[in-house]
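The structure appears right after this line, and notes come after that.
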Amino acid sequence: MEPKRIREGYLVKKGSVFNTWKPMWVVLLEDGIEFYKKKSDNSPKGMIPLKGSTLTSPCQDFGKRMFVLKITTTKQQDHFFQAAFLEERDAWVRDIKKAIKCIEGGQKFARKSTRRSIRLPETIDLGALYLSMKDPEKGIKELNLEKDKKVFNHCFTGSSVIDWLVSNKSVRNRQEGLMISASLLSEGYLQPAGDLSKNAADGIAENPFLDNPDAFYFFPDSGFFCEDNSSDEDVILKEEFRGVIIKQGCLLKQGHRRKNWKVRKFILREDPAYLHYYDPAGGEDPLGAIHLRGCVVTSVESNHDGKKSDDENLFEIITADEVHYYLQAAAPKERTEWIKAIQVASRTGK
């Protein structure tokens, strides 16, 4: 009987021989992890046994790479995977940990359908706390803050974090709030913005997190950026990134020239409505941007040449300037979710 598939999707994997990071189609089974060069491949490029393995997350072995997890096998071989965003990494971590625990206990992997409570238990659940902090209505308010002739967009102060924790009764006092905030920082749920908070996080201050109105922080996937006194052209460029991130993840994109398909990390922002795509293996700057205002997005069952395609879950974006983009999701549900999200952004965004 074949092992049960628990989770699958694109992750970026570090090569075991060369220090290159490449997107792989990763499949989590009950007893191991298989990774493929592409989803349609019949045989995996490699397999990682989970029996006796240990999982490290967050893995901070690579300074500029966020959302990395490490699996160490019984033969002391390290395998590194990078997710596209925080919630995706945490979902993989939860399932891998559970799969390892089930192997150790001789149990079958089974999901529980219990509803996750926002109310914190005695042992703080940082993941649940992070989600409640990001709640658009009851969470921490993201602001545009100015300091030293710089504007920090989509961020908040250290003091406001502690204020929120105390007012929501997540902690008993500000000192306990400092401890929890430091844990959120070390786990990657919060990021420092500006010299003051960055220096503290690097160990220059007594506590890595500062209860200070001049110390700025941001959520990793909030659309944060910092701008100086810029030229008009720079301001126009920055305008693309002002929108709040409403969806992100990896998709296949067809190139306009060679018509080849490559995995790209997509970030969808609204108001203004832009879909930026990046090299998932690294790089802070986008490879391109699709302005979604007035666009049309639909499912397609054949490629742009009119020929029936073997690939499934294709969809097309036609911009207001009549530029065509062909994308492929991993599953029908994912395609539907992307289409709906893009349609909303195209109607509401600038």
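Backbone N, Cα and C define each Cβ position, glycine as well.
All TrEMBL annotations are machine predictions without curation.
Owing to the predicted nature of the structure, the values given are computational and were not obtained by experimental measurement.
Noted in TrEMBL for the protein shown:
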- 4-101: domain 'PH' (DOMAIN)
- 136-221: domain 'DEP' (DOMAIN)
- 244-347: domain 'PH' (DOMAIN)
Using DSSP, what is the helix/strand/coil residue split across the domain 'PH' (244-347)?
16 helix, 47 strand, 41 coil
Mean pLDDT over the domain 'PH' (244-347): what is the value?
87
Please spell out the DSSP helix, strand and coil residue counts for the domain 'DEP' (136-221).
30 helix, 19 strand, 37 coil
